[in-house]
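Visitor: One structure is given below, represented as structure tokens, and several questions about it will come after.
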Amino acid sequence: MVSGVFFTIVCPLIGTIICCGMWLAPLPAVLAAKKNGSLGELNPFPWVAAYLNCIAYVTYSVLLKDYFIWFANVPGLCLAVFYALMSITILARSNLSADHKRMNILIGVLIFGFFLFSILGFAAGLAFVGRDDERERAAAVIGNTGMCFSIMYYFAPLSTAVTVIRTKNSASLYAPMLALNLANALLWMSYGLAIGEVAVFIPNILGVIVSGVCLILSVVIPKREKVPDEPKENVAFDEVSAPQSNPMFATAPVEPIAEQQNVYARL
């Protein structure tokens, strides 16, 4: 009885609180990037993966009538949209073509998520007014969709892991976020196993593995910030444009015209 209460109430309750902290973890870094006008080493793709993940699980929680899953994902949905929009704003001001490509990907994912949310919401509405077996089938379909996006979210940090190992620089791995991901995955894995929901415990088992590996990399491999190039000192215009005298091509000084006229007059 005690273990049942722990895994079905305490774990998801703590998991919901940690989820809110997990969604808030990137906020200082995003605000700093907005102030600096550059994302730097921040990777915006986990945020759009979280956006898709939260859309699916909010709908899934409505069908299951699971308030823990609902309260854990609604703040994440709102903040993921905010982070993605901030990233798009920053990337739009960049002159690099690579940043513009990343911006277009973010915009495309946001549009895709909007249509996905509309379709899932419509399907959930139809299933919610139907029979219980129809609602369970709809929950299974939407849960499997959310499971795919959740796996994408947990695997998103691996997109930079190869670069971290190759460059021996873990600045692109955000350790507080990874630690929260690990704790969050452990709690929701326990809750999913307790209630027997595959769509809950499967992605979180993978989340424990991936978050643990990335967290180890962020601790073992040091962070090295990029040192900006020192600006060159301004050189005076006359120092650059004025030709330097060369003794090989030196000429005799030219006498003023008035002096030349006086010489002719004396002759």
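Numbers run from 1 along the shown chain.
Glycine is treated like the rest: Cβ placed from N, Cα and C.
Features from TrEMBL:
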type     : residues : note
TRANSMEM : 6-33     : transmembrane segment
TRANSMEM : 45-63    : transmembrane segment
TRANSMEM : 69-92    : transmembrane segment
TRANSMEM : 104-129  : transmembrane segment
TRANSMEM : 141-165  : transmembrane segment
TRANSMEM : 177-195  : transmembrane segment
TRANSMEM : 201-221  : transmembrane segment
Visitor: Which residues, given as numbers and ranges, are at least 6 beyond the ends of the transmembrane segment (6-33) yet have a Cβ under 8 Å from it?
Guide: 39-40, 42, 47, 50, 68-69, 71-73, 75-76, 79-80, 82-83, 86-87, 90, 174, 176-177, 180-181, 183-184, 187-188, 190-191, 193-195
Visitor: When each of 45-63, 69-92, 141-165, 201-221 is checked against the transmembrane segment (177-195) for Cβ pairs under 8 Å, which one has the most?
Guide: 201-221
Visitor: Give residue numbers and ranges for long-range contacts of the transmembrane segment (69-92): same chain, 6 or more residues beyond its ends, CB-CB under 8 A.
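Guide: 12, 15-16, 19-20, 22-24, 26-27, 30, 33-34, 37-39, 42, 44, 47-48, 50-51, 53-55, 57-58, 60-62, 99-100, 102-103, 106-107, 109-110, 188, 200.
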Visitor: Excluding the flanking five residues on each side, which residues at least 6 beyond the ends of the transmembrane segment (201-221) place their CB within less than 8 Å of a CB in that stretch?
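Guide: The answer is 147, 150-151, 154-155, 157-158, 161, 164-165, 168-170, 173-175, 178-179, 181-182, 184-186, 188-189, 191-193.
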